[in-house]
Every structure is written in structure tokens, then in C-alpha cells.
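Pulled from TrEMBL:
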- GLU119, ASP162, LEU164, ASP165, ASP291: Mg(2+) binding site (BINDING)
- 12-30: transmembrane segment (TRANSMEM)
Amino acid sequence: PEHESVGHLDPASFVASVIVILLPLFYDCLVPVQDFYYMTCCTMTMSGNPAVVMRLVASAFAVAEKAGAIVRRVLHSGELGIVEKTGANDLQTLADRLAQQSICASLSKTFPKITVIGEEDLPDEDINEDLIESGQSEEVLQKPCPAEYISLKEEELVVWVDPLDGTKEYTEGLLDHVTILIGIAYGGKAIAGVINQPFFNYQLESANMGRTLWGMPGLGAFGFELQEVPDGRRIITTTRSHSNKLITDTVDAMEPHDVIRVGGAGNKIIQLVEGKASAYVFASLGTKKWDTCAPEAILHAVGGKLTDMHGNSLCYDANVKHMNSAGVLATLRNHQYYASKVPGSALQALKP
């Protein structure tokens with residue numbers, strides 16, 4: 001009988017060997033293709049256009065920068081046009097009015113079916129075309145849309161606008177406290193936020209003034225470098241101009257190593273994500289949904305948490321009451337520790 005020679009492969013074995021050798025190479029080529037396909041599908045709708053929510057965030061980014069320029073221009077003019085709304089600590093300026101007109105009119109023109117809720121109660125009037133911003137941020141449009149938001153429609157989205165957070169500080173020259181806040185909500189939850197700091201780097205003559213931070217839970221946050229307070233340090237940021245005994249008692253109960261008192265809810269959240277504070281504590285009435293929607297979205301995008309003093313999530317539906325009646329507690333880490341330290345007197349006084 002004939003014997004097979006050593007090393008000889010029949011055709012079937014030869015094909016199998018080739019497959020074993022080539023399969024890893026084929027897989028290496030396939031994975032990037034799959035990743036590209038996934039990124040493309042997550043960014044685009046079936047029509048091939050970016051998802052509605054990504055276009056809205058891209059517009060909010062551009063509009064926030066336009067509003068920042070308006071806020072700087074009004075300050076440099078020297079004519080702030082200050083009026084008191086409910087008292088000396090609740091002010092409105094020409095910058096508030098123009099910035100809100102710019103933001104609300106611009107977003108409503110591009111997205112006519114969204115609901116936009118602004119802080120300032122302004123009369124209906126024709127908006128100067130110079131205030132309209134129709135551009136969109138390419139940086140935002142290049143990012144993949146989180147899968148759960150791809151199919152959202154305009155009419156399902158609510159936009160909360162604070163055209164100038166930290167107005168009192170703006171009138172007093174504490175310009176690094178000032179922010180412009182545009183928050184986007186769906187189903188009562190903050191799903192995207194844009195914060196413009198119009199006077200960032202204003203004390204550095206050689207630097208470009210202003211910056212824009214933005215973020216989405218499930219995607220991430222951009223425009224800043226995430227940092228944390230050193231381990232074990234409890235640094236609390238709280239109100240500069242609206243303090244009371246309840247706030248002071250709550251802050252003291254958390255046994256902080258240091259307390260920072262600054263203006264603006266947006267500014268305080270920036271302190272959390274840049275490692276200057278570990279908790280934002282406001283055990284009082286005062287903040288509204290337009291103060292917290294954008295900051296909450298950015299904080300959640302980096303793993304932080306924002307609740308009322310009872311630990312309940314805030315709701316951002318269009319028909320919700322504007323006041324955050326149970327206060328605000330925000331942290332980048334260790335939220336449960338701070339929530340557990342809220343005294344009973346604060347919980348009793350602040351009803352959801």
C-alpha cells in the first residue's frame with residue numbers, strides 16, 4: 001500500500017490551516033470597520049444627518065459664545081442698565097436681557113418645535129437680527145450621539161436658559177463668577193449642558209478671554225480638564241450673597257476643612273469638576289431650574305451627582321415649578337457622605 005509522505009497536507013487540511021493563519025488578520029481589519037460603523041450610526045440618524053439633540057447642542061454651543069460676546073460688550077460699554085427684580089440681591093442688567101433674547105430667539109428659529117424657558121420675564125418684541133446666531137459647533141457635531149438620544153424629536157426637548165448666572169457679581173466686577181447656562185432636558189432629566197464663561201482668563205492680558213464647557217451623560221464632558229480635590233479633603237463651595245442660618249448650619253454639619261463662598265451656580269459646578277471644591281451645598285430656596293439644568297448635565301457626564309438636600313433628583317419638565325424648593329446638593333464624588341450629614345432641621349425646612 002502507498003504511504004502518505006511526512007509533511008503532506010490534503011486539500012481540506014491546507015484550507016483549514018490558511019483560515020487559522022488569516023483569521024486573526026481579518027479580525028484586526030474588521031474591528032476598526034465595526035468601530036467606524038458604530039460611531040457613524042451613533043452620530044447619524046437614518047437620514048444621514050446628525051441627531052436632533054446633537055444639532056441642538058451644537059447650536060447651543062455657538063449661541064452661548066455669541067451671548068458671551070454680548071455680555072462682554074455691555075460691560076465694556078459702561079452702561080449696564082441695572083434694574084432690581086425682587087431686591088438688591090436679585091438684579092437684571094442689559095446684558096441679561098440681550099443675552100436671553102439672543103439665545104432664545106436663535107434656538108427657536110433653528111428648532112421651532114423645542115420648548116425654551118428663560119430666566120428673564122421679557123416682553124414679546126421683534127429681535128434685532130444682529131442678535132441671531134445660526135452657526136453650529138463642528139466640535140460637537142463630530143461627537144457620537146449616545147444611543148438612547150438618537151431618535152429624540154424637537155418637541156420632546158426642553159431648554160432651560162440662564163442668560164447671565166451671577167448677575168450681582170457681574171455688576172460688582174467679580175467677573176470670574178459669571179457664566180451663561182443652556183441646559184437641555186428630556187423626560188424630566190438633564191441630558192446635555194453648555195456653560196460659557198465669558199470672562200475666563202480676563203486677568204491675563206495675553207490670553208484669549210472666555211471659554212465654553214459642555215457635556216452629555218453617556219458621552220462625556222469637554223472644554224476643561226477634570227480634576228479632583230485631594231483625597232480626604234472636604235472643601236465646600238456655597239453662596240456668597242444669599243446665606244442664612246440654615247445654610248451655615250448645614251455646611252458646618254459636613255465638617256469641612258475649608259469653605260469657599262462664591263457667586264453663580266454654574267461657577268460652583270465648575271469648581272467641583274476642576275478640583276477646587278468637593279461639594280456644592282445650598283440648603284435654601286433660591287436656585288431655579290435654569291441655574292441647575294446645564295451644570296447637572298455636565299456634572300453627571302463626569303460621574304458626579306446633583307440632587308436636592310433629600311437626595312432626590314430634580315425634574316426639568318416644561319411644566320415643573322421653577323424653584324428648587326428643597327435646595328441643591330452637588331458633588332463630584334462621595335455624594336452619600338454629604339447627603340448623610342444634612343441636619344434634620346434642613347430636611348424639615350426644605351420640602352420637595
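Indices start at 1 and increase along the chain as displayed.
Cβ from N, Cα, C; glycine included.
Automated prediction, rather than curation, is the source of TrEMBL annotations.
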Show, in sequence order, which residues other than GLU119, ASP162, LEU164, ASP165, ASP291 on the same chain lie with their Cβ within 8 Å of the centre of the Cβ atoms of the Mg(2+) site.
VAL161, PRO163, GLY166, THR167, THR179, ILE180, LEU181, GLY264, ALA265, GLY266, LYS288, TRP290
Quick note, ASP165 (Mg(2+) binding site): same-chain residues at least 6 apart with CB under 8 Å of its CB -> VAL178, THR179, ILE180, LEU181, GLY264, ALA265, GLY266, ASN267, ASP291
Please name the residue among the binding-site residues GLU119, ASP162, ASP291 whose C-beta has the most neighbouring C-beta atoms within 10 angstroms.
ASP162
Just how many other Cβ atoms lie inside 10 Å of the Cβ on LEU164 (Mg(2+) binding site)?
30
